[in-house]
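Asks: Features from TrEMBL:
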type	residues	note
BINDING	A:Asp13, A:Asp14, A:Ser44, A:Asn101	divalent metal cation binding site
DOMAIN	A:8-193	domain 'Survival protein SurE-like phosphatase/nucleotidase'
2 protein chains.
Amino acid sequence: MTKNKPLILITNDDGISAPGIRALIDVMSQIGEVVVVAPDKPQSAMGHAITINNTLYLNKISKESDPVLEYSCSGTPVDCVKLAVNEILKRKPDLCVSGINHGSNSSINVIYSGTMSAAVEAGIEGIPAIGFSLLDYDWNADFDSIKSFVKKITTEVLEKGLPKDVVLNVNFPKLKQDEIKGIKICRQAKALWVEKFDKRQTPQGRDYYWLAGEFVNKDKGEDTDEWALENGYISVVPVQFDLTAHHATQELNSWNWNE
Amino acid sequence: MTKNKPLILITNDDGISAPGIRALIDVMSQIGEVVVVAPDKPQSAMGHAITINNTLYLNKISKESDPVLEYSCSGTPVDCVKLAVNEILKRKPDLCVSGINHGSNSSINVIYSGTMSAAVEAGIEGIPAIGFSLLDYDWNADFDSIKSFVKKITTEVLEKGLPKDVVLNVNFPKLKQDEIKGIKICRQAKALWVEKFDKRQTPQGRDYYWLAGEFVNKDKGEDTDEWALENGYISVVPVQFDLTAHHATQELNSWNWNE
């Protein structure tokens, strides 16, 4: 490997054996020096959880002769990024990519997603980061169709550099390569999950629940990620981790806080 | 209870038996009709995690004669809000309050915090919400000193209504009541945790890690939550869940995405 190759950290939330991360490793190996640190089991919907009340284990699972260094980790996606940066990588990586997620992380899903939280964690640590997701939950989803786009987006980010304190949330429609219309910069659609818990009983008669829900998008804006995906485009949403609602400051300051 | 009393949902991430939530129940019982749905064990740093690969249990732990209805839940803080709204409460609550957290959720901690994620989840569901945290990790922290401020802030929110799609992140300095200088509307300080993993060995000789770190704030702005707290004020940060970095859209649109 030449010294000029970028150092790329890869993680995900579906676990290190998921086909989605394998596709991402394929593409990134064409671009840079790759190190993989990913959960040893599925960690979907873990959000920005970190492990503070339990121990963390790392297992080196690549052989010395393998071209890519791979570690599985007992923690969450965010733990993986923290351990990679502090315990495995010899220098700060040039890029962190997370995914390719099996299923959508568009709209409000960005908040629940372990895939995106790993990218956000890298962003917080000053590492350019992209989360990739395909709108197909199938374990055998067709990742080949989107590999050229993943490569294009990654190359563009490495060349131009991301705006400060911004990471990218990239979602792909479930389409064949030649059906995809292009890439659109979007805003996060204002949508939510409306829950319908599935209430069941254990064999012993105790009630329990399964979280189930329906995704409801009432945001009809044509500048949203949902619109782009429904219309055959790849959505790219710039995501920030300053959660301050700056627009609300003035109104709140007009209240009688200190009387 | 009169029909005019607001319906208030209370949750937290330290667990239903934590003194912090007990203090919050005390205060809210003076204001409205209170229902508590909180984790049955500590769920700190769980971020916006939800339980999708496991079952969820609810336990009614209050007696019929108790003034406050209380349920413990086997899931995360966000699960608690979803279960409360969909399975327990007869109508959408007028307010959701989360905490009082044992320890800070100022600055970047808002992203890792289960307390704040519960408030954000309520916000997503259209419920006015406030997360309260005290900068004291001690189980026996002095919550009495801040009760009057918790009541003041809650009353103000119920009276005025929060700006749309905004929840409040309220942090209290570790000070006696008469030492607190007042309430300040702030922005989230740009700070981060710099990790220092503590590497140890199991009795069998296997390496493992404890996540440990140091909070580093290089943001010297006097409009930040960190500044307010260091200077004896209660910090109130309006928090949004549209993570779109709208300011970055123009720059990203200038890239060669579709060539």
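Any Cβ shown, glycine's included, is placed from N, Cα and C.
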Asks: Below 8 Å between Cβ atoms and chain B: which of A:Asp13, A:Ser44, A:Asn101 make it? I'm asking about the binding-site residues.
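Replies: Among the binding-site residues A:Asp13, A:Ser44, A:Asn101, the ones whose Cβ sits under 8 Å from a Cβ of chain B are A:Ser44.
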Asks: Out of A:Ser44, A:Asn101, which of the binding-site residues has the smallest number of neighbouring Cβ atoms within 10 Å?
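Replies: Minimum Cβ neighbour count within 10 Å, taken over the binding-site residues A:Ser44, A:Asn101, occurs at A:Ser44.
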Asks: Taking the Cβ of A:Asp14 (divalent metal cation binding site) as the reference point, list residues of the same chain whose Cβ is under 8 angstroms away and which are at least six residues distant in sequence.
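Replies: Looking at Cβ-Cβ distances below 8 Å from A:Asp14 (divalent metal cation binding site), excluding near sequence neighbours, one finds A:Gly20, A:Ile21, A:Pro42, A:Gln43, A:Ser44, A:Asn101, A:His102, A:Thr115.
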Asks: Taking 10 A as the limit, how many CB atoms besides its own sit near the CB of A:Asp13 (divalent metal cation binding site)?
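Replies: Summing over all protein chains shown, A:Asp13 (divalent metal cation binding site) has 33 other Cβ atoms within 10 Å.
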Asks: Looking at the domain 'Survival protein SurE-like phosphatase/nucleotidase' (A:8-193) alone, can you tell me the average pLDDT?
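Replies: Per the prediction, mean pLDDT sits at 96 for the domain 'Survival protein SurE-like phosphatase/nucleotidase' (A:8-193).
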Asks: Tell me, by DSSP, whether A:Ser44 (divalent metal cation binding site) is helix, strand or coil?
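Replies: Going by the DSSP assignment, A:Ser44 (divalent metal cation binding site) belongs to neither helix nor strand, so it counts as coil.
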Asks: If H, G and I count as helix, E and B as strand, and all else as coil, what does DSSP give for A:Asp14 (divalent metal cation binding site)?
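Replies: Assignment for A:Asp14 (divalent metal cation binding site) reads coil.
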